[in-house]
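Enquirer: Summarising the annotation, Swiss-Prot assigns domain 'tRNA-binding' to 44-155. Per Swiss-Prot, the feature domain 'B5' maps to 414-489. Summarising the annotation, Swiss-Prot assigns Mg(2+) binding site to D467, D473, E476, E477. The domain 'FDX-ACB' annotation in Swiss-Prot covers 737-830, and the record cites sequence analysis as its basis.
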Amino acid sequence: MRLPYSWLREVVAVGASGWDVTPGELEQTLLRIGHEVEEVIPLGPVDGPVTVGRVADIEELTGYKKPIRACAVDIGDRQYREIICGATNFAVGDLVVVALPGATLPGGFTISARKAYGRNSDGMICSAAELNLGADHSGILVLPPGAAEPGADGAGVLGLDDVVFHLAITPDRGYCMSVRGLARELACAYDLDFVDPASNSRVPPLPIEGPVWPLTVQPETGVRRFALRPVIGIDPAAVSPWWLQRRLLLCGIRATCPAVDVTNYVMLELGHPMHAHDRNRISGTLGVRFARSGETAVTLDGIERKLDTADVLIVDDAATAAIGGVMGAASTEVRADSTDVLLEAAIWDPAAVSRTQRRLHLPSEAARRYERTVDPAISVAALDRCARLLADIAGGEVSPTLTDWRGDPPCDDWSPPPIRMGVDVPDRIAGVAYPQGTTARRLAQIGAVVTHDGDTLTVTPPSWRPDLRQPADLVEEVLRLEGLEVIPSVLPPAPAGRGLTAGQQRRRTIGRSLALSGYVEILPTPFLPAGVFDLWGLEADDSRRMTTRVLNPLEADRPQLATTLLPALLEALVRNVSRGLVDVALFAIAQVVQPTEQTRGVGLIPVDRRPTDDEIAMLDASLPRQPQHVAAVLAGLREPRGPWGPGRPVEAADAFEAVRIIARASRVDVTLRPAQYLPWHPGRCAQVFVGESSVGHAGQLHPAVIERSGLPKGTCAVELNLDAIPCSAPLPAPRVSPYPAVFQDVSLVVAADIPAQAVADAVRAGAGDLLEDIALFDVFTGPQIGEHRKSLTFALRFRAPDRTLTEDDASAARDAAVQSAAERVGAVLRG
């Protein structure tokens, strides 16, 4: 949020005459009381002749690809300057800001007289962005009539001695998205008296008489208050004054017409969003209801929006008038000929507004405030302030007719529930002995009503602070206003010698092993892309479809927590390939969330006491399983091309090798067995076992999944459940035999569907302890072997720890290995 220093200072000074601080001091104060200042932006700087001019004549130059205009500009004392300009949003008679030759604009841009498009240009007509008044590059800055006379100092008229604060307001402090809220915070920080700009002394109530506007509100829409007041007979040609336009501009809002400008101004001033409807375009009664299935609405930006049944609408008898809390509809838009305006101030459900604006991708200034909560007590005050401003600027008459729906039954007290707290709780939590009365004084400064009952305070939070729900929230207010810097910085003693846990050590070892093998680690998103399991073709009862849904997700189309790491990895792979990185090997180690049929939600448990054992057990039972997984994906070439050859494409064996890398890092033995498990290819998928426990799958992805997901041909993947793999104790260093090894090869013919791993296991079991290593180095199929059969050739390395082996010793062990393979998998020695 952007706010000018001058506006903040003006509102604070109402209750503290003569108060003044520098922008730098104000920045430090805001930071001290917990508000993040992203940037402090000085306006300008402008050096040299910058003046106000009136456009006296415009000549359209033809023959160019874009509009070019030669403008005669009066800069005072009937001095005319010819200036070439490409903007078209101004006309003869308009007041503009002119930078004359010799002026230097923000960014070090120096203006000089020059020849352009065959004419002499003696200066530049400036936009707001060129003067550092905002980011609007769309056209020239046109001042409203009467803002100044030609020849007036441009820097003075524009107020370029001001500073704009750019703040990041946290979600729990929606009241600070206004001058009212931030000025109150500054008054608290400096111990000043504060005059609320929404109080009756600043906004005297307007008279109320006559019939109310017909209104119906559907139950359960979450609307807490809905107020309406007409303003009749405004001048459609009226223009907002420069002081108002300037403040809107510095806050990042473009001025349009008085009816819209005053609603934006009051929103920035008091923090209450409002909307202006064309009263004459409303048909019949107004109503608030949920959208119907298949219903659409055209919003103010001219786009037809498809609505959801959870969206809340304002409707009349003929059409939708607004999407509640998000944006108005085109049907009741205030237009250039509008003379009668119906002002609306409502309180919408924050969660509903947040869901709607995210789903429709409509992040408006109003929605940003509504989703952080808005003060319901000032709806009518904001309405009256807006109506008075509009009548003052555009003429017309404020109608005494007021509609103020406050719920059913009507609500008269908007304050959150009272909170009881010991008066010394902030002192005990902070470890600071605050002066007597500090807690009550600070809580009263933020607007709370504080009563004493011995050593206990009863605190009723103000209507604009629904975030104050428990004693801890009140403690936070006292501590931040007193200054966090006074709290002693004491670190708790850390027990020495624990180091990393076995699980942490294993995770680090696996990550290093995969990285050394050419894989790149990513941090996967914890959310599932929409429809990913449909792309994979998973059955409806597949356990991976049983997900945990987040009620308020970061992205409306990704509300489900991931039950597998593969979707995030495959998305990253596609993104890399689309940017030209076609040879990709990625991995991730992260938790997944896997609820079961027994996973159940629980209600809120009080936080002002320790939970009972039963409550803790209930909380534990409600948590879904969150095992740690490791997953990897590969595509393109596994071995790069070069002078040595064309390279080797990724194949299923590379995924199997990734499993072995993980197994070696985990110090466990794994077994790979053929499996059919989507999204893997049924003939190139292996189920991974540690002992007899299944821990995951690896192999090449199914061709249909690859095609539907836009993946490179032959993409391979592996995913293992690390929590299902036991953490092994560190292995002792192996004893290296000083005796020479004996090398022999063996070729075995087996059925084509027998896994090579099963044959290797049989050979190892038969060869006994003398077999030091076995490696498959050739697979052969052909008519010589027979139909549906294959030949596997293994390199065997024999070695004894206590003697030199003879060829006869090695051959005997080899023969025993062949016999074992024959008995276990039906292998035949190839002649």
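Along the chain as shown, residues are numbered 1 onward.
Any Cβ shown, glycine's included, is placed from N, Cα and C.
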Enquirer: Given the Mg(2+) site residues D467, D473, E476, E477, which other residues of that chain have a Cβ within 8 Å of the mean position of their Cβ atoms, reported in sequence order?
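Expert: Checked against the 8 Å cutoff, the neighbours are D172, R465, L468, A472, L474, V475.
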Enquirer: With DSSP, how much of the domain 'FDX-ACB' (737-830) is helix, how much strand and how much coil, in residues?
Expert: 34 helix, 32 strand, 28 coil
Enquirer: By a 10 A CB contact count over all chains shown, which of the binding-site residues listed here is most packed: D467, D473, E476, E477?
Expert: E477
Enquirer: Mean pLDDT, the domain 'B5' (414-489)?
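Expert: So the average pLDDT across the domain 'B5' (414-489) works out to 95.
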Enquirer: According to DSSP, does D473 (Mg(2+) binding site) fall in a helix, a strand, or coil?
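Expert: The residue in question, D473 (Mg(2+) binding site), is helix (DSSP, three-state).
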Enquirer: Give the three-state DSSP assignment (helix, strand or coil) for D467 (Mg(2+) binding site).
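Expert: SS state of D467 (Mg(2+) binding site) = coil.
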Enquirer: Looking only at the domain 'B5' (414-489), what are its DSSP counts of helix, strand and coil residues?
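Expert: So the counts come to 29 helix, 14 strand, 33 coil.
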